[in-house]
Amino acid sequence: MPSPQLLVLFGSQTGTAQDVSERLGREARRRRLGCRVQALDSYPVVNLINEPLVIFVCATTGQGDPPDNMKNFWRFIFRKNLPSTALCQMDFAVLGLGDSSYAKFNFVAKKLHRRLLQLGGSALLPVCLGDDQHELGPDAAVDPWLRDLWDRVLGLYPPPPGLTEIPPGVPLPSKFTLLFLQEAPSTGSEGQRVAHPGSQEPPSESKPFLAPMISNQRVTGPSHFQDVRLIEFDILGSGISFAAGDVVLIQPSNSAAHVQRFCQVLGLDPDQLFMLQPREPDVSSPTRLPQPCSMRHLVSHYLDIASVPRRSFFELLACLSLHELEREKLLEFSSAQGQEELFEYCNRPRRTILEVLCDFPHTAAAIPPDYLLDLIPVIRPRAFSIASSLLTHPSRLQILVAVVQFQTRLKEPRRGLCSSWLASLDPGQGPVRVPLWVRPGSLAFPETPDTPVIMVGPGTGVAPFRAAIQERVAQGQTGNFLFFGCRWRDQDFYWEAEWQELEKRDCLTLIPAFSREQEQKVYVQHRLRELGSLVWELLDRQGAYFYLAGNAKSMPADVSEALMSIFQEEGGLCSPDAAAYLARLQQTRRFQTETWA
């Protein structure tokens, strides 16, 4: 039986599912299997009935929602009129990527797996549940699952006689060729594709809006341990509109110092211009890269040299290495037996791609430029809750950004790429423009004017609730109850004066929790319990909606536990009934969360 074309379809929000899908494509080609890799919504879903072998790679977002680039597919595949034999010719497998700190961990992958079985598909394997919370990340589940997958696939569809697997030490052809230009082209100028003011289409990832930064203000006290910024952008003429709960995506860049260091280590001329040419006819050039492009632009705006490399990075780097000792170490890091050592070298200290290349200088200096886009992942956009309403701040968009910085055993502090880049931008020193676009968030607020809302937002989790409060107050909705948690009243009490003014106007009831101002720490869940009778009255008798945003570590579980206690003490419910009551709130979208790790 001839080997079929393997189809890998992905639904990806942050890029991880796409990375895993491309890894699947590489491993398939190494095993002499033809392979196509596509986003689910770019694939004509009606053709699925003709596909013999499909791997689905799906992330789960928000409250168990599918990623944006598989929502059309999701609606189609769950149509009730699809026959139960629609996919009876298909062998399939589903690989899920999620975060076990969320209640609906890998919900999309689990639900899709069940649906494909209902439609007659044959599962090659149980669904894979990759977990961001694992110390090795999703690879802890993905690696053994992929080994089993290839055993099953090759057992069903062995390669033609005489065609052996391409050995791991031999690099596959690069996805692109870089055609270097001897001189600058006479027409056109380098720059990313952007949405221009007055454009018919709203800004998107392929065409972001270059928003002028109006202000970049630190809102934590000078002695506070964390630098938190309130940043405002001008979106006049962008075509951007948003509502409370929506998020803005920002495309960050690498620092000039890191770009210079990268070019030095790899022996690249940052001003060298090139044209990017795909090797395969069905592969298109990245829309974010101009043609022609300079090496400086590629490294500054596209290659994520500040990310922690995955195992696949070491696999390809070992293939490209010409230095015996360095190659030996890279092969060890990329082997199954070397994963513990790789974790200690790379994952635990959060060592970056740039730092790894500096540790392997002979290998780095010999990397063919054609392989840069295969070796280094693309810089992914970062999502921030919008912290303002267009009804209060017309043509403006504000975000609250906690600058990520922490120490590991490495001498240099670890810094978040996007938050550090944003914090470094100073509109007072000259014009600053930031590529951004907006998408719907996971929080949806009630449209009925008399429905109260309870919002629990410790730290920067308060950002979407500021947008909601501004929007609701502008619409005359006064039933706003905000539980805000921070450490110190005089250090990180964001928008204190604004909240107090709204309280004076009877537009807001503010319940703060200052965790460090007394010997016994007080958190938002403690204030909820203190005001349990009010919370029960609002939820049970007034039909209030309850919202929670912030760090996913333990706060969501603590708040849920506080609610369960309130339901039992104030509502007289037994424990199972309290759990059922909470579940009903979640099912009817009267209890919504937006948390992050």
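Each Cβ is built from the backbone N, Cα and C atoms, and glycine gets one as well.
Annotation comment: Swiss-Prot describes 6-150 as domain 'Flavodoxin-like'.
Taken residue by residue with DSSP, Ala59 (FMN binding site) is part of a strand. Around the Cβ of Ala59 (FMN binding site), the number of neighbouring Cβ atoms within 10 Å comes to 29. Annotation comment: Swiss-Prot describes 12-17, 59-62, 97-106, Asp132 as FMN binding site.
The annotation region 'Disordered' is assigned in Swiss-Prot to 188-207.
Taken from Swiss-Prot, the feature domain 'FAD-binding FR-type' applies to 206-447, supported by sequence analysis.
For Ser419 (FAD binding site), applying a Cβ distance below 8 Å and a minimum sequence separation of six or more within one chain yields Arg382, Val401, Ala402, Val403, Val404. Residues or ranges marked as FAD binding site by Swiss-Prot: Arg350, Arg382, Ala383, Phe384, Ser385, Gly416, Leu417, Cys418, Ser419, Trp596.
Under the heading NADP(+) binding site, Swiss-Prot lists Thr460, Ser515, Arg516, Lys521, Val522, Tyr523, Val524, Gln525, Asp558, citing sequence analysis as support. Cβ neighbour count for Thr460 (NADP(+) binding site) (all protein chains, 10 Å cutoff from its Cβ): 25. Following the DSSP three-state reduction, the secondary structure of Thr460 (NADP(+) binding site) is helix.
When averaged over the domain 'FAD-binding FR-type' (206-447), pLDDT in the model lands at 93. DSSP assigns Leu417 (FAD binding site) to a helix. When Cβ neighbours within 10 Å are tallied across all protein chains shown, the highest count among the binding-site residues Ala383, Leu417 belongs to Leu417.
Mapped onto DSSP helix, strand and coil, the domain 'Flavodoxin-like' (6-150) counts 58 helix, 34 strand, 53 coil. When the neighbouring Cβ atoms lying within 10 Å are counted for each of the binding-site residues (Ser12, Ser385), the highest count belongs to Ser385. In the three-state DSSP reading, Ser385 (FAD binding site) counts as strand. Packing around Asp558 (NADP(+) binding site) is summarised by its Cβ count: 15 other Cβ atoms lie within 10 angstroms of its Cβ, all protein chains included.
Restricting the binding-site residues Gly15, Arg350, Ser385, Leu417 to those with a CA within 10 Å of the CA of Thr460 (NADP(+) binding site) leaves Ser385, listed by sequence position.
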